[in-house]
Amino acid sequence: MDCGKDYCVKDLSLAEEGWKKIDWVSRFMPVLQYIKREFEEKKPFKGVRIAATLHLEMKTAFLLLTLKAGGAEVSAAASNPLSTQDDVVAALAKAGVKVYAIRGESREQYYEFMHKALDIRPNIIIDDGADMISLVHKERQEMLDEIWGGSEETTTGVIRLRAMEKAGILKFPVIAVNDSYMKYLFDNRYGTGQSTWDGIMRATNLLIAGKNVVVVGYGWCGRGIAMRARGLGATVIVVEVDPIKALEARMDGFLVMDMKEAAKIGDIFVTATGNIKCIRREHFELMKDGAIMANAGHFDVEIWKPDLEKLAVEINNPRPNVTEYKLKDGRRLYLLADGRLVNLVAADGHPAEIMDMSFALQAKAAEYIKDNHERLEPKVYILPREIDEMVARIKLESMGIKIEELTEEQKKYLESWEHGT
């Protein structure tokens with residue numbers, strides 16, 4: 001462990017390799033490049049302190065460097081103990097970001113490092129799962145008056161924050177970046193869809209075609225996972241609790257059944273619900289020998305490991321990121337990435353082109369909080385549509401795509417009520 005006054009990383013000497021990764025992904029993130037140039041010129045965050053809890057890998061690093069380019073003092077800690085890339089955080093430390101993260105850090109270190117990131121007494125918090133915002137409300141209440149607001153990247157985090165708002169304990173405004181069109185329509189669907197299977201295939205080196213894939217949850221992440229599984233040649237089964245989403249999955253061409261029925265026939269199970277104990281003892285007991293389980297939800301609670309451990313007579317690790325649970329009857333069940341985010345633990349997370357849009361929204365959310373915090377209430381907000389559209393237009397422009405524009409006559413027609421049959 002290599003720790004100094006403003007950082008704690010595995011090894012600072014890894015920085016050069018980290019810079020190579022950051023440089024590579026930045027070439028495929030034109031929207032964030034555009035915003036970085038804008039921030040470098042205008043310095044909107046001069047004198048502003050920003051603390052972030054994120055998956056500390058190469059795309060996230062480019063976001064943090066973009067905020068720093070805008071004049072911010074930036075600190076960061078990991079939002080998952082297993083998603084940190086040690087070479088990338090070394091590069092961030094060298095660049096002057098106050099960063100505290102080590103891949104494989106303990107639960108105690110996880111919160112210790114988060115406290116260190118908060119020691120800058122931030123004006124803005126950028127969160128991924130709402131752990132940092134929750135920690136401030138529970139243990140660092142003395143700094144609440146200095147916090148203008150925060151932003152949240154994930155579905156899971158937004159659920160937690162809305163619960164805080166409903167309970168009347170949220171003390172500052174938070175932007176639900178996850179709920180922006182340019183986030184959930186692309187990041188949650190196309191990003192999660194591709195990166196989840198990237199992680200599963202890297203971890204197992206197994207064929208997907210011909211297998212029964214059970215996708216638990218048919219939100220935007222589940223949609224993407226199911227879509228890509230079908231594209232890889234799998235028979236896809238969706239498990240849902242929402243009757244509308246279940247019907248949608250069936251109309252999309254997927255089989256739909258409850259978890260007990262799916263447990264009997266699934267070869268690969270992927271959870272994406274944001275909820276607890278979605279796959280548990282009663283389901284493990286029904287699974288076939290060799291069944292593989294992976295989680296694409298934020299926390300490691302969707303596949304209930306305590307039940308697996310109680311059922312197992314032997315636990316082994318046949319491959320990196322694969323845990324084998326041998327049961328009394330001889331069956332072997334496999335859990336990938338210790339039940340944590342398989343796309344970030346066993347692979348590199350979402351593609352750069354996808355995170356380009358999500359992190360452009362995060363950068364603009366921070367600027368929006370800085371400019372508007374005095375009039376915002378302690379509630380969960382969605383970014384204005386014009387910011388969504390700005391990100392979309394820059395992305396289209398970078399792809400060489402020109403779209404149609406409404407004529408004045410068409411605009412007038414859409415704004416009128418007189419025209420009928």
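Placement of Cβ uses the backbone N, Cα and C atoms for every residue, glycine included.
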According to Swiss-Prot, which candidate in D119, D128, D131, D242 joins E153, K183, D187 at the substrate site: D128
D187 (substrate binding site) in three-state DSSP notation: helix
Densest Cβ neighbourhood among T154, T156 (binding-site residues), 10 Å radius: T154
For T156 (NAD(+) binding site): DSSP state (helix, strand, coil): helix
Entries of D128, K183, D187 which, being binding-site residues, have CA atoms within 10 angstroms of T156 (NAD(+) binding site): D128
Alpha-carbon distance [C221 (NAD(+) binding site); D187 (substrate binding site)] in Å: 8
